[in-house]
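Read the structure below first, then the notes.
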Amino acid sequence: MPLEYMGGRLATLDDVDVRGKKVIVRFDLNSPVGNGGEILDDSRIAEAAGTLRELCDRGAAVVALSHQGRPLESDFVSLERHASLLSRYSGVEVRFVMDVIGPEALRTVASLRPGEAVLLDNTRIISEDFIEAEGTVHARGIMVTRLSKLANMYVNEAFSASHRSQASIVGFPYVLPSAGGRVLEKEIRSLNRAVSSGERPKVVVLGGAKLKDAVRIVDYLSSSGVADEVLTTGLVGLLFLYARGYRLPRDVTKLLEKKGGEEAIAKARRIVEEGRRVRTPIDFVVEVGDKIYIKPADELTEGVPKDIGPSTVEYFRAKMRGARVIVMRGPAGVIEDPRFRRGTVELVKAALSSGAYTVFGGGHFRAILRDLPEHLSSKVGHLSTGGGALLYYLSGRPLPGVKALVDSARIFNLV
């Protein structure tokens, strides 16, 4: 059935007939890579395998695309190992071509038969796929022009890259009938429920260290009325305490200035001055030298706050009680260190015990949820792998990749 997005509708795999068609599928197989080129976390590849298998089972010939890393960085590698893993997880033999739009790639795509699949190499080998431009502009580019001539349909299965306006994300929907893949569909449906449904109250818990994005999200959620409560943790909580005039150790204020800049600090101050409903931690777990203390928020004169304290956990737990929807994005502390993991774990437990529909955003939650007892972990509504796309969604900004699918549904009369 069609999927609602920002007042429009896009097609899903349930709305299109793929039998006998050559389908370009843009996955996001981008994964952490070790020094030897080995893939350290293949969860995105495993997730993509289901969609690839479905399309092949339904009689499509699948041309898979993805990026990996950024040019000149250590994780900018070929997708050959990705193809091997995609084959293993999907049960489909996925051929690999060390080419994207050259003669070998085009010959392979042209000869592909129903039920077969090929993964072309890293799309960012092509400079067009590292340029931000409108979809109608990218539709005239070399990558989209060459590949679309050999295909009948396009599927976006890269929700986590859909905040980018790059050729392989936004160009194809303007020249080929296009639909959202299963992972993208699940992300949008879950986030629509979390943000756009009439279920109230909605509580959003924001932590982590991405201050510019977090302040933009707080600004949108608190001004639009989307969230009934915004609870801040991590560096985000410290930023809003700083905006309220709390004295913080110099090392902390320098970090806030470095991570957020004057713009984020000024915006946080404006939000505070307008009296919006943004809650901040009331105590912290603080590391001072080789010792650890619990300190109230108004006594942070030395050391480095590494986690929220027990009083904050109880304060925020009370705010979650009775919520119908809870969204958590970013950790409450430095969870890589077991000593500073408790705040995040306890908030996750509180959310799952509340009876609310819960959405967790960020890869760090995967490990935490895996360690919880089954009676709690089974209550997870949705674990988003959206990354930057999730931040865009929560801040009310349109996702170019999804908007292009809405446009395609209209252009090709798909829904």
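A Cβ is built for glycine as well, from the same backbone N, Cα and C atoms used for every other residue.
Residues Asp28, Leu29, Asn30, Arg44, His67, Gln68, Gly69, Arg70, Arg164 are given by Swiss-Prot as substrate binders; from Arg107, Arg124, Arg193, Arg200, that same site also lists Arg124. Record check, Swiss-Prot: ATP site residues include Gly362, Gly363, His364, Phe365, and the candidate from Glu336, Glu346, Glu374 also listed there is Glu336.
Reported as a whole number, the C-alpha separation between Arg124 (substrate binding site) and Gly362 (ATP binding site) equals 24 Å.
Between the binding-site residues Asp28, Glu336, Asp28 has the most other Cβ atoms inside 10 Å of its own Cβ, all protein chains included. Cβ contacts within 10 Å of His67 (substrate binding site), excluding its own Cβ and spanning all protein chains shown: 25. Within 8 Å of the Cβ centroid of the ATP site, not counting the listed residues Glu336, Gly362, Gly363, His364, Phe365, the chain contributes Pro331, Ile335, Arg366, Ala367, Ile368. The binding-site residues under consideration are Arg124, His364. Their Cβ neighbour counts within 10 Å are lowest for His364. Cα spacing between Glu336 (ATP binding site) and Asp28 (substrate binding site): 25 Å, rounded to the nearest whole number.
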